[in-house]
């Protein structure tokens, strides 16, 4: 199963909106004879790749799979049936699929065919490779990662606005990898107007090893979602002219001619600002598993205050910018220490000259 | 030598102003037959402890010692002579003692007596156990550690001043250990007036293991040095009523009756503020090896701006306090990113719920 989880991770840049799944087939002598992972929605599932590799030798084998085999006809036929037809003897599953279209039905198909099924092996590890997919299936909301970069004293720019660069090139390369794993990169008109960023994934900026193993010829661009409640953007900004889609979020439909790869999302709650919680529901309905937020102190603070952040990823540079520099996070309603949003550290890592701190929301 | 360095560390809470030294004596079969470390100034040196343990069996042995054996009559007779008298065969030394009273003379005494001497074994590791002593000997300045504690976004208190507690009890326990290793705890009248702290080492707050191995019956209290350029303190504050000494630093002699354990230091440079660089020279002249700074954003910023900080120790709590909260470090003269004070991370560690980041000054 540990091997199956490793194999599954190879899809982590490309499977969205589908989950990462890995499959390993083992013969009677406990030798691995087949492996597969899910590459991309619409392409064969992990089990199909592994069965194809094994052919008729699948009969009597044990199959390790990181997520319950599917039971429904989607863009591909159900994997549970394929395992039955291949006459495998035993299927070991890390976890049930919470997708209501599956949710135990895959296991039932296998058991009805007389296949021995074990479920729950390395479940915690399997959970971690599909944080976004699983959260969306269970709650109808995407998994939100808020990326921040600051000096040791929590500053993101000088008083003048000068901010290039606080963190090192190696840290910015690390961000490219996190971007590439996400379904959406979320930013704001304020950031677009200030920096005119592309918000794309650039294969050239990947670490060498990843570049060599990226599972597709062409890089998958996460959808860029840009909040523009005051209709300040003209669509002439760089972010609208990149490969892949950009979704412009406004409060009302606008008199705009949209290029093919730009879509308008109207968030029409009664609030004058964009209702972030509603926006997250909309994104989940559009099958967005993970949202990677790269924006300024206002959006960061609003997401934190509304308890919408699942994970904080904070790059800290080994320098001090002092009290006149700009703050990391605006929390206008916070006055007492006991109300401060709390997180838990889950990872600390040195990235080039900087450190990366990862935290999840507490409680 | 690795064992000798480990042994030397047992003195790290008590040897100041002397260096940490460890000594291991090995017989012809390469078995350890004697060990010793320096406990405290005025008490026997590491070599004397180890030789005493071995007795007449010292003849023909190899002695590993982490610092060049002393050659001068201080409060104890020279160790180089003791090694000669014990008829040891070979002395392996991690590093020369930069103390001008020694500086090669110890090695010369050994060599003159026909003892084989090797110097420079694990020198980098030996350097690390005496950072403060070595800096003082080489530069006439103490080694300055600036401790800071903040939220993830670099805030030390709410706008109201509320700050108890941002970091966890475990982190504050960790601070006790760092305090206990330092020669001086440096703070300001502002901190004393705001918090009325004791600034003492409390054996009860030590981690259990350290409590069991502390090398003295009674804890050594670092000297508390309190900056009071505006003569705001009355000596009725807690910090003046604790075990151990407190040194009050003012710009001029004051009409004050000082208790026995309080001393006045007059920093009489032409500056209206206390000249921090001059203060550090004064402390080094008073044989202070290491200064552990626990103060507010003003002193922190001033020390950083004047390039007087050797090491930053930053505890970060996994919470966000927002832009209205108080800043970590005042750097009033900093306007351009290229002028920002730069450090290098040397250690990252999770301490209870918090993280501790250690950095040294770059360049």
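Backbone N, Cα and C define each Cβ position, glycine as well.
Curation plays no part in TrEMBL annotations; they are all automatic predictions.
The domain 'CMP/dCMP-type deaminase' annotation in TrEMBL covers B:1-118. The Zn(2+) binding site annotation in TrEMBL covers B:45, B:70, B:79. Taken from TrEMBL, the feature active site, proton donor applies to B:47. The NADP(+) binding site annotation in TrEMBL covers B:149, B:165, B:191, B:195, B:199, B:229, B:296, B:297, B:298, B:299, B:300, B:301, B:302. Here TrEMBL flags B:163, B:179, B:202, B:294 as substrate binding site.
Each residue in the domain 'CMP/dCMP-type deaminase' (B:1-118) gets a DSSP state, and the totals come to 36 helix, 22 strand, 60 coil. Residue B:302 (NADP(+) binding site) sits 22 Å from residue B:163 (substrate binding site), taking the CA atoms of both as reference points. The 10 Å shell around the Cβ of residue B:79 (Zn(2+) binding site) contains 30 further Cβ atoms across the protein chains shown. Sequence-distant neighbours of residue B:298 (NADP(+) binding site) (same chain, six or more apart, CB under 8 Å from its CB) are B:188, B:190, B:330, listed in sequence order. When Cα-Cα distances from residue B:179 (substrate binding site) are compared across the recorded positions B:45, B:47, B:149, B:296, B:300, the shortest belongs to B:149. Inclusion criterion for the binding-site residues B:70, B:79, B:300: a C-alpha placed within 10 angstroms of the C-alpha of residue B:294 (substrate binding site); this criterion is met by B:300. DSSP gives residue B:149 (NADP(+) binding site) a strand state.
Mapped onto three states, the DSSP output places residue B:179 (substrate binding site) in helix. Counting only the Cα atoms, the space from residue B:149 (NADP(+) binding site) to residue B:163 (substrate binding site) is about 10 angstrom.
Note: the Zn(2+) site is recorded as B:45, B:70, B:79; in the same chain, B:21, B:46, B:47, B:48, B:69, B:76, B:78, B:80, B:82, B:106 also have Cβ atoms within 8 Å of that site's Cβ centroid.
For the binding site of NADP(+), formed by B:149, B:165, B:191, B:195, B:199, B:229, B:296, B:297, B:298, B:299, B:300, B:301, B:302 according to the record, the largest Cα to Cα distance is 28 Å, rounded to a whole number. Neighbour density for residue B:300 (NADP(+) binding site): within 10 A of its CB lie 25 other CB atoms from the protein chains shown. For residue B:163 (substrate binding site), the count of additional Cβ atoms within 10 Å of its Cβ stands at 19 [all protein chains shown]. Ranking the recorded positions B:47, B:294 by other CB atoms within 10 A of the CB puts B:294 at the bottom. Separation of the C-alpha atoms of residue B:300 (NADP(+) binding site) and residue B:163 (substrate binding site): 17 Å, rounded to the nearest whole number.
Over all protein chains present, the Cβ of residue B:199 (NADP(+) binding site) has 24 other Cβ atoms lying within 10 Å.
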